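To keep things clear, I will list the structure first and then write my remarks on it.
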Amino acid sequence: MHIPDGYLDLSIAGLFYILSIAVLGYSIYRLRGQKLTSLFGIVAAAIFAAQMLNWPIPGGTSAHFVGGALAGILLGPYAGALAMAVVLTIQCLVFADGGITALGANVWNMAIVNVFVGYYVYRAIERFNRSAAAFIAGWIGITLAAIFAGIEIGISTSFGYGLKVTLPVMGTWHALLGLVEGTITAGVVSYIAAARPDVIEQKAAPGKLALAVIAAMIAVSPLFAYAAELVGYSEPLENAAAMLGLEENPIYEGLLPDYTLPGLDPYAGTLIAGIVGTVIVLALGFALTRYARTA
């Protein structure tokens, strides 16, 4: 769902930069003085690691967990939006995952729409069944985020195809992929609620187990990259663009483009890139936590 450079008109890209900055700025304002736990940084790092696990899907595409609804459920909408924004910004600036001109739109879709919709859907129906609420929140959150992406691309003349193409492609694919997103969200929320209910209540942060899970996801990420490469995978948006004969026009190549290191074995490079990205996300997460406590 990461929109690359060249897909959005500059006016559309600029509009969503403004909207995203406004919402994130308000989120920072709402969090000032709050006692955020280290859960903020850990959730951000876990989502970054989970997004590196692209699993291939028959037909030449792939999918990965996005985690916006999960971030909202565990952190609340304001902290959840900031955590996702940290992940997306690092993905863009360090790994060129998503275009720099489209960063505002990507933040809007995955860090704002996905998080806020997921959070409020979950809260609205949580009292009936926690697991079902988390599943529905994950499914609706990612589907609406994809629909927004389809609208942004479809109204941009740069892409060359209108809403009749972009909305069905983005909406249908992600409504199906949302079933996996919802299942993972429900599984994680249910497990944490049973094992560490204080984490769900945001009164504590997960301990060494959470860090071990993050490390495990990073460790196996090269295997996922290898498996996906065998079937020639691409993400749904990239796959659709290829079928339409469109090409990306990257403006910024990133420090470690495509999660690799120049001159290094691609799978070792993926592992190192994952470690670097996780450390950066953790550091920024803890820095924002400290700022919120002292501001």
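Every residue gets a Cβ built from N, Cα and C, even glycine.
Over in Swiss-Prot, the protein carries these features:
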TRANSMEM  8-28  transmembrane segment
TRANSMEM  39-59  transmembrane segment
TRANSMEM  70-90  transmembrane segment
TRANSMEM  98-118  transmembrane segment
TRANSMEM  135-155  transmembrane segment
TRANSMEM  175-195  transmembrane segment
TRANSMEM  211-231  transmembrane segment
TRANSMEM  268-288  transmembrane segment
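At the 8 Å Cβ threshold, with sequence separation of at least 6, the transmembrane segment (98-118) comes into contact with the transmembrane segment (8-28) through 3 or more pairs. Long-range contacts of the transmembrane segment (135-155) within the same chain: residues 1, 3, 7-9, 12, 16, 66, 68-70, 72-73, 105, 108-110, 113-115, 117-119, 121-122, 125, 161-171, 173-175, 177-179, 181-186, 237, each at least 6 residues beyond the stretch ends and with a Cβ under 8 Å from a Cβ of the stretch. Sequence-distant contacts of the transmembrane segment (8-28), counting only residues of its own chain at least 6 positions beyond either end whose CB sits under 8 Å from a CB of the stretch, comprise 77-79, 81-82, 85, 99, 101-105, 107-108, 111-112, 152-153, 155-159, 292. Long-range neighbours of the transmembrane segment (70-90) within the same chain, counting only residues 6 or more positions beyond its ends whose Cβ lies under 8 Å from a Cβ of the stretch, are 2, 20, 23-24, 26-28, 30-31, 36, 39-40, 43-44, 47-48, 51, 98, 103, 106-107, 110-112, 114-116, 118-120, 122, 134, 137-138, 141, 184-185, 188-189, 192, 199-200, 202, 277, 280-281, 284-285, 288. Sequence-distant contacts of the transmembrane segment (175-195) (same chain, at least 6 residues past either end, Cβ-Cβ under 8 Å): 63, 65-67, 69-70, 73-74, 118, 130-132, 134-143, 146, 206, 236.
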